[in-house]
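Chemist: I grabbed these lines from TrEMBL:
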DOMAIN    28-71  domain 'LysM'
DOMAIN    91-134  domain 'LysM'
DOMAIN    157-280  domain 'NlpC/P60'
SIGNAL    1-26  signal peptide
Amino acid sequence: MDKKRWAAAVCASMAGAVLWSTAVFAEETHQVEAGDTLWRISQKYEASVTQLKSWNDLSSNVIYLGQQLIVDKTNTSTSGDSDSTSSSGARTYTVKSGDSLWAIANKHGMSVSALMNLNHLSSTAIYPNQKLKVSESYSPEDSVSSSNLTIPEPVSSFSSTSLIQEAKKYLGTPYQWGGESPSGFDCSGFLQYVFAKEGIRIPRTVASIYAHSSLESVNHSNRQPGDLVFFETYKPGASHAGIYLGNNQFIHSGSTYGISIATLTSNYWSTRYIETKRIIN
C-alpha cells in the first residue's frame, strides 16, 4: 500500500471512531423518600435545583416517592446508542421523556410483565434517564422454574380501591390555583398527585389528561370507581375533572370547597358533564 492510500485509510478509520463515539455520563442516583424536596436533595448532593431538573428532564418541582433522580453526572465517553451493555452482560435502555413500559417492551420484543420482572418494578411508573434492563445473560445456575416465577400485574391494572382511599385522605384540603401538594391542590394537580401515589403518571392539565392516549372513553352506564369524569366549566372543552366513586359521586378539587365529593346528577355538574374515561395503559 502506498503512503497516500495508507494515510487515507488511517483518516477514515479515525473519522469512523469519532462519529461512533458520543459523550455520556456516569450517573449517581437518589431514590426519593418521604419528606424529600428538590431543594433538600440538591443540598444533600451539592447540586442546584436547576441542575437536578435538567438532569432528570423535570418541568416542575414535583417529585414522587420511589422516583430515581440523577444527582450527579461525570462526563465520560462510550460508543453511542440508547441501548448499552453492562459488564454483567445485561443490555440496558435509558428512559426518555414520553416513554412508557409498553413502548419499551414492544421495542425490545418482550412483554411488559417480563420487563417489570427483570427490573424488579412493583409499579408501572418510570422516569426520564432511568436505566432499565431489556435483556440479561443467564448462566444455567441462574435459571428458575416457571413455578417459582412471579409475574407482576399488567400495566393497565391498578387498584381503584386504593386510589379512592388515597384521594379521600385529602378531603377538606383547600383549593389553590397551581397547587400540587397536600397544602393545596388545583383540579389537575390533585389528580396527578393521587395517581402518582398508585404508580400512574398522568399529564398536569385537564385538557392534556383528557386527550392522552392512555385513556379510553367509557359509556356513562358502564362507569366504574376509579374512572375519570370530565366537565366543561370556565373555558370550552375539558377544563375540570374528578375521580368517579360510584353511585353518581366523584371526588375533585373545586374552587369553592377544595377537595370534596360532588354528585354528577346535580344541576350544576349534569349540565357541564362531557365524558367519562378510563386509564388503560
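Placed from the backbone N, Cα and C atoms, the Cβ positions cover glycine too.
No curator has checked TrEMBL annotations; they are predicted automatically.
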Chemist: Treating G and I as helix alongside H, and B as strand alongside E, what does DSSP give for the domain 'NlpC/P60' (157-280) in helix, strand and coil?
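Modeler: Within the domain 'NlpC/P60' (157-280) the tally stands at 33 helix, 39 strand, 52 coil.
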Chemist: On the DSSP side of things, how many residues of the domain 'LysM' (28-71) fall into helix, strand and coil, could you say?
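Modeler: Output for the domain 'LysM' (28-71) reads 14 helix, 8 strand, 22 coil.
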Chemist: Could you pull the average pLDDT for the domain 'LysM' (28-71)?
Modeler: 78
Chemist: Counting by DSSP, what is the helix, strand and coil composition of the domain 'LysM' (91-134)?
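Modeler: Secondary-structure composition of the domain 'LysM' (91-134): 14 helix, 8 strand, 22 coil.
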